[in-house]
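If you check TrEMBL, you get these features:
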type     : residues  : note
TRANSMEM : A:6-26    : transmembrane segment
TRANSMEM : A:92-113  : transmembrane segment
TRANSMEM : A:133-155 : transmembrane segment
TRANSMEM : A:182-203 : transmembrane segment
TRANSMEM : A:209-228 : transmembrane segment
TRANSMEM : A:235-256 : transmembrane segment
TRANSMEM : A:262-284 : transmembrane segment
Amino acid sequence: MTTVWAGLATGAIYSLVAIGYNVVLLASGTFNFAHAQLLMAGTFLAYTGAVTLGLPVLPTLLLGAAGVAVVALLEERIAIRPLLGRSDAHGALITTVGAATILDGLAAVIWGREPLTVPSVLPDEPLTLLGGTVRPVDLALIALTLLTGVGLHLWSRHSLLGLASLASAEDREAAAARGINVRLLGTGAFVLAGAIAGVFGLLVGARTYAVFDLGHSLALFGFVAIAIGGSGSQLGGLIGGFATGLVYAFAARYIGAEFPQIVVFGVFLLILFLRPRGLFGAALERRV
Amino acid sequence: MLSVTGITGGYGDLRVLREVDVSVRAGRITAVLGRNGAGKTSLLSAVAGLLPSVGAGRVELDGRDLTGLPPHRRIRAGLALVQENKRVFHARTVEENLLLGGYALGGRGLRSPARRAALEQAYERFPMLRERRRAPAGSLSGGQQQMLAIAQALMPGPKVLMLDEPSAGLAPVIVKEVLAMVAKLRDEGLSILLVEQRVEQALEIADDVAVMEGGRIAASGPKNGFDDGAVIREIYLGRSDERLTTGKS
């Protein structure tokens with residue numbers, strides 16, 4: 001059971017990346033390859049708040065949310081906005097990868113290349129739960145990720161803005177013709193995704209450290225989570241992330257510490273072959 | 001009511017509208033006719049603010065200048081557009097589609113009093129939609145989807161309704177039903193800009209006519225000026241510019 005808890009805690013981080021991808025994808029039709037870097041920025045801001053500035057938990061969370069939301073807003077303005085209205089539908093794929101590279105570089109310049117320890121906001125003493133041990137901070141990470149994913153899923157189906165976001169994902173021009181401000185919706189999605197990434201910086205950093213190249217591995221596994229769960233489905237992304245974490249943890253435990261990545265990508269390929277839209281994905285088609 | 005003057009625009013460098021003038025009188029239907037590729041759909045897109053590039057021209061609604069406004073502000077000002085091919089949100093239910101149609105209405109929350117009242121009105125006008133309210137819009141028949149698209153556009157209580165080929169892809173009996181609904185909306189006082197391929201049916205319900213050719217208005221005026229069908233035949237079957245000028249009313 002300890003392996004399950006470890007898998008779920010790692011999976012929660014992959015779920016967070018998938019949730020961030022989906023928030024932006026649903027509202028603006030853009031796949032933000034830099035979202036994992038936003039999560040990385042969240043861990044560094046958590047370090048700055050909690051360690052450098054010595055702030056209590058709540059102000060640290062606010063610093064993370066506001067800081068990463070601003071970074072996401074800047075990304076949208078610089079890497080996405082200039083491309084809107086252009087016929088080249090693939091431009092954003094390139095510019096968001098560019099944004100990810102710049103964010104990696106900036107983090108290395110500002111905070112250095114060595115991993116920084118983000119302190120745990122909860123007691124370090126592990127809990128015994130359902131026959132396995134888990135750190136309180138990891139349990140909080142799992143629970144809050146679940147809450148965020150399910151909350152976003154419900155919000156998208158039962159609120160005007162949520163429905164507008166789904167409508168915009170299905171047909172952006174038809175959504176505009178219904179009076180939805182699709183540009184503002186897209187910008188809002190970047191800010192929301194950034195704020196969520198920032199809030200989770202403290203919990204994610206406590207598990208991964210704050211390190212400038214964190215985004216690389218997270219982006220890859222977040223992408224696997226999306227492929228498993230299906231793009232455009234918040235519940236799918238949530239479940240895909242946890243499933244990826246569990247596969248990783250079980251492969252490490254029972255096959256060997258060198259193999260989890262190979263096993264995860266084996267599952268990834270299998271899903272792509274058998275069910276290319278993922279387990280819960282809607283068809284979000286891209287016109288080429 | 002709606003006045004469009006000198007609209008020029010297109011897609012990037014491709015210019016598909018050239019100094020187009022068209023107007024809709026209050027409580028009347030203006031039918032825009034023309035062959036495929038004449039620029040009819042682009043004209044509606046330009047009026048709705050959806051055409052990527054509009055170089056010149058002016059769009060006025062009730063004397064208010066809408067030129068340059070983004071689409072959502074034009075909808076709030078009283079324009080509504082039913083796009084070609086029944087562009088409803090297929091993955092969403094009928095009721096969600098209608099609520100999204102009421103996006104521009106005030107009030108917080110998905111089911112604000114204003115949106116609930118508009119929803120009730122839509123169900124009264126289209127009882128079939130109430131019966132299918134929980135069904136995904138994609139599961140409706142073509143005619144039902146067209147009715148849903150019209151009901152969706154009516155949700156914010158527009159002053160001018162623009163319809164792009166509402167009969168496209170529908171069985172003849174359904175076409176009759178849809179166009180009868182359009183005429184009924186006009187009789188209730190709505191101003192309508194109708195783009196339609198089926199010339200005869202469109203002329204049956206139209207009050208004014210504008211014929212487009214190559215991105216320009218080739219002829220326009222009250223319907224009785226087109227009663228002998230000569231100008232329209234020339235447009236569809238080949239023409240001489242001179243003949244068209246004389247046909248212009």
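Every residue, even glycine, has its Cβ placed from backbone N, Cα and C.
The listed stretches are A:6-26, A:133-155, A:182-203, A:209-228, A:262-284; of these, A:6-26 has the most Cβ pairs under 8 Å to the transmembrane segment (A:235-256). Note on the transmembrane segment (A:6-26): residues 32, 35-36, 38-39, 134-135, 138-139, 141-142, 145-146, 148-149, 152, 156, 165-166, 168-169, 186, 189-190, 192-193, 196-197, 200, 204, 207-208, 218-219, 221-226, 229, 231-234, 237-250, 284 of its chain, located 6 or more positions outside it, place their CB under 8 angstroms from a CB of the stretch. Looking at which of A:133-155, A:182-203, A:209-228, A:262-284 has the most CB pairs under 8 Å to the transmembrane segment (A:92-113), the answer is the stretch A:209-228. The listed stretches are A:133-155, A:182-203, A:262-284; of these, A:262-284 has the most Cβ pairs under 8 Å to the transmembrane segment (A:209-228).
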